[in-house]
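Here's the structure, in structure tokens; my notes come after.
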Amino acid sequence: YEVVTITGDENGAGTDANVFVTLFGDYGITPKIHLASSRTAFERSKTDVFRIRTHNVGHIKKIIEHDNTGMNAGWFLDRVVITDVIRPHLRFYFACNNWLSKEEGDGLYARDLLGSMDQMDMPKNKYIVSVFTADMKGGGTDADVFINIFGEFGDTERRLDSDKNNFEKATEDKFTIDAPNLGKIRKITIGHNNKGSSAGWFVDKVILDDMGNKVVYEFPINRWFALDEDDGKIQRDILVGADQPTLEGGKFERGLTDIFNVEIAALLSPLSRVTIGHDNDGVSAGWYCEMVVVYCPFTGIEQTFPCGKWLDDEEGDGLIERELYEMVSLRQRRQKHPWSLWIWTTDMPNAGTDADISFQVYGEKNKSDEIRLDNKSDNFEQGQVDKFMQVELPDLGKLTKLRIWHEKRHPFAGWHLSKVTLMKTLTKEKYTFPCERWLDINEDDNEVVRELPACGDLIYRLTVCTGDVSGSGTDASIFINLIGDQGDTGERQLINCKNNVNKFEKGNQMDEFIVEAVTIGRIRRLRIGHDGKGGGCGWFLDKVIVREEGKAEAHAVEFSCSWLDRNEDDGQITRELVPFLDGQRLYLGYHIVVKTGDIPGGSSDSNVFVKLYGDKGDTDRMMLVVSTNNLGNYFETGRVDIFTVETFDIGQQINRLMIGHTNKGMRAGWFLDSVQIVVPVHGKNYMFPSHRWLCKDEADGKTEVEIYPSEILEVEQVMNYEVTVVTGDVMFAGTNARVFIQIYGEKGKTETITLENRSNNFERNTTEIFKQEDVFIVTAIDLLTLKKLRIRHDNTEPHSSWYLDRVEIVDTKEDIYYFPCNRWLAVDEDDGQIARELVPVDEAFMRQDEDEEGTSATLGLEQKMSTTYTLKIKTGEKKYAGTDANVFAILFGEKDDTLINLKSCKNYKNKFEQGMINEFIVEAVDLGDLEKLRIGHDNSGSSGWFLDWVEVDAPSQGQRLRFPCGRWLDPAEDDGAIVRDLYPADLQTEVYTPVPYEIKTFTSDVFAAGTDADVFIVLYGQNGMCTLQKHLCVNKRERRLYFERGAEDMFIVEQLEDIGDVIEKIRIGHDNRGTNPGWHLDRVEIRRQLRKGKGSETTIFPCERWLAKSEDDGETMRELVASDIITQKLLRDGTLKTTEMEVEDALEAHAYKVSVRTGDMYGAGTDANVFLTIYGDLGDTGERKLAKSENNKNKFERGEVDRFTIEAVDLGQVFKIRIRHDNTMVGADWYLDQVEVQDEDTEEVYMFLCERWLSTKKEDKQIDRIFYIKAVIPYHFTVSTGVDRDGSTTARVYVIVIGPNDAETDRLWLDLAEGKKCFAAGGMEHFVCYGADVGEIKRVELGHNGVTPESCWLVDELSVAVPTKGIKYIFPCKCWLAKDRGDGLTVRLLNVLDSSTINIIRKVIYSVSVVTGDTQYAGTDTNIFLTVYGANGSTEEMLLPKNGDFERDQEDTFTLEIDDIAPLKKIRVRIDGTGSRPDWFLDRMRNLTTEEEYLFTYENWLSKTKGPKRTKVCELPAVVDDEEMVEKTTYIIQVQTSDIGGGTDANVFLIVFGEYGDTGMLPLKESTNRNKFERKMKDVFRFPDMLSLGELSKVRVWHDNKGPAPGWHLEYIEVKDEAMDQTFRFPCDRWLAKNDDDGQIIRELACANNESIDLSDKTEYEIATITANTGNSSTSENAWIVLEGRKARSKEFVLENKKKKFLGATDTFEFSSKHLGEIAGICLGHITKDGKKVKKEAFWHVLEVVVTENELGNYFFHCDAQIPLAAKKDQFQTFECYKSVESFASKVRKLVPVKYEIIVITGDVKGAGTDSNVFITIYGVNGDSGRRHLRQKFRNLFERGQTDRFVVEMLDLGELLRVKVEHDGSSWNCGWFLECVEITNTANSVTTVFLCGKWLDANKSDGQIHRVLYPRY
């Protein structure tokens, strides 16, 4: 868009502020765009022109504002004109004629201007404004009042007349306003100018009557407009029905999160953008805003708007208000509903309270969390109603009750509550909960908890029985919570005992309590516990009896319990009990793993609690008091604490958890990194990432937080077993040793489990005669029916001997198993064994006195096969990572496990040292699929060990599994564990699924049919899926036994991959070895199990051919296609049903003709054996030896084509080949030119251009190559890692690029270059990957394969460039990819909506071959540079990548991305002369695209010492079809020095530019005059053998400023092209001197030969139409066209259809017309001849139209449209120009000298400045500026936070495409952080901004000291 602003002719009209514009159009809204200006813009009466590039918003409705910064911010704007540059007929006028100023006019500096395409036209409407001043003392005002009304189409501003004593107290004032139609009204701004004696004003409301649209709007205000009242504002924005949000009361301190509740009358969610700003008041008003998160409770949508910028008029760009756009990929939904709550306190004495009130709501579906209402000083006062808006509750269904309480038990906390009302904000559902009771410890029943029903309430009577065990009584505070079907009572303190003064004493004491509650239905369980305070707080609770008041004792529910003591049993002081009758004595164990962040001050001394929410219910707040891994001091920095809590089953799924702390203790603040919850019974492991502070003084000040799971991992599902171990009643029967148990069942066995808890176990009770029973809860996998039990002890303590009576096991299904023993486990008793295996015995046997021996069951052991496993163990790279302890591992498979002592390492004697990989070989029984690995050590020696990973290779299963660890096994580090369970990481596993196949081969009954060769087979499924090649015989003996004449051989093959349901074909062959290798195969049958049901399926593959070198066609491999399938299925009645069917649509066998062309160069042929594999989308041919050429006896000779026929099953579309040789024989090196594959059946030909050596000595030394047909394109990725100290990762990173319809690339791995170990913090890495072309990019997936804490990664930014499309996307990430940081995900889907898009140079992929000459010492190791010149521009100089050196007579091939400048004209090759062999003999080069082949021949030396030319640079013309694209010429250059000054002694250089590129740098040395460049002298220089540049456009001339008087005044330069016989003149008449003129010593001179073109003359237009060549595309009728130019519109041209035009080809027409300027669009119609009527519908399918005007260039219109036939010219279609190619003459005419203002902004970060020399090169559509040094006298440039301004003169570059900024690294601290570059063309005031925001520093980021920047609009 071209934006023209006209500043008014008023005093002080100009402004220094930053001016912005936002365009509102039919298709959307643009971002706020800064009208970047030179210093002189926006001056009084000045017209300023700006070019802005943004998305097309269609017809523009309204637009302007500034930020009020600078000395004179006020601005009087007359009008704005906006033109759509691409569609110049769209021009919009916006009248303003008003101030944008805080001081002038109405004080507004942002205005919405309404636009119109007609300068005269403005739509009108009437608005009646009624202003109501309130009835309040001093409420009226004498000031001038103004109002601004904002609608959807714009705004209008008026002063409201206050002359007639308007705006007096308690009055209504009416005003009529004429204005444009503003559409739906959104808001008003109303205020006054504070003039007069009593300016303060109290407004009640404003009513606005829109007469035109017949709508009335009300704006309630009810606030002061006064400097000394309320908030001191005299102007307010009022939304319809509410205020505009201002964020008041926030701290806005560094690192803090502020939370605000904002009420708006309109439901805007989801938001499209937010504007945030501040008023710049206060001492340090500058503010760095990280991001804004907006959550709307109505929609449940939470949106994140990243900012990451300063709002500060002295930092960055100086803005104090920003528009923020949403990062769509972070959007979340939270399902909660907003309610309003009213609380009525009774009007009686002392009814009010100072306590904080909490409440909880119960509904039919669910219940809410406990919600605390902070008691500000004036809440809950006597006779008062308190209203709380925005109370968020989950979906509860119909509300049933409300519990309300306070926690203060001091005398003034008493509260008399009248009632509570709740209303759902959206649906207006209302519930009232009457109370009329005290919540007071001294009143009523002394309760501070009340349950308020939505139905009747109940009284529960509790009886609590304390046990008769030593130390069983307690003085702690006891609480109880009854839980029923319809809710719970909440926690109630048991204080008022009805029958005993001293509660909870030992000796079966019964204490009675009353609990009042709303109906909770049938009581299912209760939760009881104490606070653990006091000396003897441990409590042995025997049971609790609960009875509803008024019901019989028989209905009482009994709950039995045990110890609630930290030092007894399992250490829990809170228990959940289930009724004794239910027999459900088992709870679920939840393992809670809490990781504290590794951040200074992150540890906490506070008590931590957790609450889990499941789909069946939730737990109470559970204090995490006693940990399982017993670290002693909990929640320490960087440590992991594990807690086990037992509670009832809250459902199959945990939805969220709440975690927090009580904020007590010296250092209460806590940095919580993550929480893991493992629920073994459900087989689930929940990951809850947090990575945040829970601290009053950090972040958002919260001490508790709700977290949602980021991922749920499946772990092995387990079951709880209750194991009762009965010690016998025999003297000294008890033991002090540790006891271990292992349970075996149908599904396997448990691990060895230690039976221990915190009480004293296995004792014989000597005081009373009964057997000691110890009960343990064992969690293990569900074993189904139990089979046996192994129990032992470790005999370590004195008195270890143990007499075991029996073991009883109860599982969750209530099955009871008895395992009798009645024997000693002792070294000195019985048979001396300390381990016993017990089998289960029926209960009936247990009643007999005798133990039934001999009932041991026989266990059928599976046949076990020995398998070899290779273990690789990597010790981490950390300091002290190694260990000397004894390491062991246990491999757990699905069938069994095996213990491995890792003693004998294959590769190192001293094992497990830092960074070492140790390898071990293990023989083990077949374990089945490996499921996990346990690894640990015995903590001996220097024991701490940091284990990185373990890799297990199981060849028999075709699996290599990686078990990542990345943690310490050290009692003093991490969580203190020295044994860890590791699980395989999916992304790092190489795996296939073995399926058993039964393969039968039938050898024919023919003479010599059998074979002793090694037979192999490959099976193929659908879509090209296939197995690996499998040899059927294991050894020589088997090969001799099998495959005899007439034999039928059967093989069971296990280790083959699953290829799906259908076997489409098989490949079978042999290696042709042994005495009689020839084999006549009759058929193959393959049988496998049915997937569903019992039975099998046999597929038959007939062959009936020889596989023999000497028979048939000499092939030893065949592809066989299935003919029949026989299915056998077992029916329910036990019979077998057999069905046979023929295979329909079987694959056909095709013959493929393969032509192999060997290159025509020295040594190209080979005698080695060549092998070929052809791949199609239906499969591949397998590797075939190209044995017998059909046309040459001697194959693969230089320049020859060899033909072969390969028979194979239909491959479908062929897309790649693999070709190799075996490097045998003397001349094995082979130069392969091309391979052609022709499918004889379909006659399709597939061409593979190879042009590479297959040689171990040449090029890249490969003898095995793959060539593709399918389109893959390069993607360039740049990844920036954040600067957090943990931000780096060693994980393997990948990207997947996703296009429309979910088309995606493969996983593209970003593998670091050699020598780089990680993505370092603050670093930037570049990658080029080849992937499928997915079309327009929609999303990008970025992830890594790391699972350990070491692999956490902070990604700052990802950029994806697609050079072949000329586009680059920059995705801001700024997030963690880590299991234990951020949201816990290691993968991110980045949406293209969040990215910024940049247009870059479009590239074309060329294959470049370089041939070094066959001359002595021709090869080189120097650097070779290439520049390519085409008709449409030139490339920058490129360094050719080295694959080794360029050797004598070698052809090196590269794939290069070259700018889209075809057709190519010439190349320039340069060497830099470095290396040990700097001289190079270049023979020729070849450039290949898919369309053209260009040849460049030199056949000479590039060397300073060799050859006739002694040059390091050469230019070679392109040769196409033996024709040179550029001819040779001699340039004679005449240089005229002026008659001013004294000439120069400096060295002068010149570059000449023309149609076909440039000459390169020409030093002006050998002149006709001995003393060159003297005053008034003409010097002539001759340059023979140059490549002609065609028409010349400009010269660049400069000198090196050396010598005594280097200053030089140049008159002109003339260049004569002798071949063309034409002289081009380049006038100068300027100084090239540092101290004269503008101080430049480089000038660009434009050619003066081109006359200016007279656009008033007529011109010729050539129009070419391309008709589609499909059926029904052509037409026999005429077409017509109108050209839309930037200057004018053409008349209608009829394209007459003579001589059968429009028939699927290109047709050209010529017309003369006036000059239209650049062509922007065309109208195209299809019309009948002679105006006849249209009889039936007809169309003309036009693909493309090209319009050519010789002076200006070509314009391309992509149509691809069906144009309907019409009788009149009223039907047409319009098309916009998508590409224009300007003619050379037109470009030259535009070359006029222009001054460019270059503003360079250095970043405001530490060390940002540089003292190095900085250079800039600017590239535009008209060429480049050359490398310009940015310097100024007497100024220290490029300092931190500084803006530097330079003015440089050069020839007009046209639209700027890119800039290259670089420095020379010359200073001591040369690193430079460049923020951005702004370049303004002072001739047309167009500013282009080039953002950088990166380091140019050899030691930072990616180490580059140059950057190429593209414009961001």
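From the backbone N, Cα and C atoms, a Cβ is placed for every residue, glycine too.
Copied over from TrEMBL, here are the features:
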DOMAIN    1-114  domain 'PLAT'
DOMAIN    125-239  domain 'PLAT'
DOMAIN    337-453  domain 'PLAT'
DOMAIN    588-708  domain 'PLAT'
DOMAIN    719-839  domain 'PLAT'
DOMAIN    867-983  domain 'PLAT'
DOMAIN    1150-1268  domain 'PLAT'
DOMAIN    1273-1391  domain 'PLAT'
DOMAIN    1404-1516  domain 'PLAT'
DOMAIN    1529-1646  domain 'PLAT'
DOMAIN    1659-1777  domain 'PLAT'
DOMAIN    1794-1910  domain 'PLAT'
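For the domain 'PLAT' (588-708), residue counts in helix, strand and coil come to 0 helix, 61 strand, 60 coil, using DSSP. For the domain 'PLAT' (337-453), the neighbouring stretch richest in Cβ pairs under 8 Å, chosen from 125-239, 588-708, 1529-1646, 1794-1910, is 588-708. Counting C-beta pairs under 8 angstroms (sequence separation of 6 or more), the domain 'PLAT' (1529-1646) reaches the domain 'PLAT' (1794-1910) with 3 or more such pairs. Proximity of the domain 'PLAT' (1794-1910) to the domain 'PLAT' (588-708) is not established, fewer than 3 Cβ-Cβ distances being under 8 Å for residue pairs spaced 6 or more apart. Contact count against the domain 'PLAT' (125-239) (Cβ pairs under 8 Å) is highest for 1-114, out of 1-114, 867-983, 1659-1777. Stretch with the most C-beta contacts under 8 angstroms to the domain 'PLAT' (1-114), considering only 867-983, 1150-1268, 1273-1391, 1659-1777: 1659-1777.
According to DSSP, the secondary structure content of the domain 'PLAT' (1150-1268) in residues is 0 helix, 63 strand, 56 coil. Note on the domain 'PLAT' (1659-1777): DSSP counts are 3 helix, 68 strand, 48 coil. When DSSP labels each residue, the domain 'PLAT' (1404-1516) comes out as 0 helix, 62 strand, 51 coil, counted as helix, strand and coil in that order.
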